[in-house]
Amino acid sequence: MGKLKLILLSLLLWSCNSYNAPKELSSTLNTLENKLRVSAEMFSEMRTNRLVSPRSVEDDKIVMVPAKDWTSGFFAGELWMMYELTSDEHWKEMALEYTLPLEKEKWNGRTHDMGFKMYYSFGKAWKNTKNSEYKDILLQSAQTLAIRFRPNIGCIRSWDFNSEKWDYPVIIDNLMNLELLFWAAKETGNELFKQIAVLHAENTMKNHFREDNSSYHVVDYNPNTGKVQTKCTHQGLSDESAWSRGQAWGLYGYTMIYRETGNKKFLEQAEKIAAYILNHPNLPENLIPFWDFNAPGIPNEPLDASAGAIIASALYELSTFSLNKDAYLIAADKIIDTLLSEAFLANPTENHGFLLKHSTGSKAHNSEIDVPLIYADYYFLEAILRKSKLMIN
């Protein structure tokens, strides 16, 4: 029996299981496959030698980005997930078309986003093909990322811009890129990669989080002394607000870090973040967060489907580690139910090929408000695949 048929059968059986699965999920996998075929064709028509991957929609037009953009690996990752799901060579060929143009980024030492760009593209390429060239590209990417680590601070530097505003900024998003370093440590036996990742995770846990377990977006360190200088929230409402996608990054990040280390303090941190998110009084009933948990105009504020998708994917994985399994599964299912509804899941004639509507990139900068975002689609698809694998296992 093929992978897709096995998963579809399992989904039908799971609908009778101990917690609710969306009745439409089995047919949704086929629907998403068909939509991605159309999406790939649409996006391929927009590609150039420089603009290699879709990011969003602006002025009713698809926004394509160069390889250096932090979002350039997400669509390749979606295509690899579809190949993993179906074993259809069509998806492998399409995935390679969107993966290979990113190779030069393995040398880009001016970014911390190697995980987003390279692990989601070449990482999946290596996983699904075992082509040693892709492994070599990943290892160089990990080495390039590691250069941005400063031992006296114990963190990997994030942005290089806004030098007048901060000296050594570390953002909560950066947790997501540690997975590349954990992988490199396992592949090479070089524990330095893991040590860097663990130190970054520990110092982020120490310095980014407030007493209520919400997080700042940015912590700026003194590059000479290693001490914290300022804490702020660059893409959220204010420095002391809880930017929704930032909370989602933290949840996903510490869940992954626990998986890679087995250290219970990281599991406990993930559970604390999950409790903050799921118990927040401003979280809508459908569990799709507003762009900032403290946005003043709630409920008339933009939602962020990308944050919801990241949270759902993280909760499915967290459920495999935590005694709070049932609560996390119920919450993740509710998010996916919502994202599968007509209010969020685009039909084939809208949304310019993107799967989900209603994401928010950075309302604080009047950027990408209530639009499709490629990373929302990525984590949405990942969440659905994680759900299906949980059932099979």
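Glycine is treated like the rest: Cβ placed from N, Cα and C.
Unlike curated records, TrEMBL annotations are generated automatically.
Taken from TrEMBL, the feature active site, nucleophile applies to Asp113. Summarising the annotation, TrEMBL assigns active site, proton donor to Asp173. For Asp113, Asp173, Thr233, Arg245, Trp249, Ser362, the entry in TrEMBL reads substrate binding site. As annotated by TrEMBL, signal peptide applies to 1-20.
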For Asp113 (active site, nucleophile): intrachain residues, at least 6 apart, with Cβ closer than 8 Å: Trp70, Asn177
Max pairwise CA distance, angstrom, over record-listed substrate binders Asp113, Asp173, Thr233, Arg245, Trp249, Ser362: 19
Other CB atoms, at most 10 A from the CB of Trp249 (substrate binding site): 24
Between Asp173 (active site, proton donor) and Ser362 (substrate binding site): CA-CA distance (Å): 14
Nearest of the binding-site residues (Thr233, Arg245, Trp249) to Asp173 (active site, proton donor), judged by Cα-Cα distance: Trp249
Cβ atoms near Asp173 (active site, proton donor) (within 10 Å, other residues, all chains): 23
Protein Cβ atoms within 10 Å of Thr233 (substrate binding site), excluding its own: 23
Chain-internal residues near Arg245 (substrate binding site), provided their CB is under 8 angstroms and they sit 6+ positions away: Gln235, Trp291, Asp304, Ser306, Ala307, Ile310
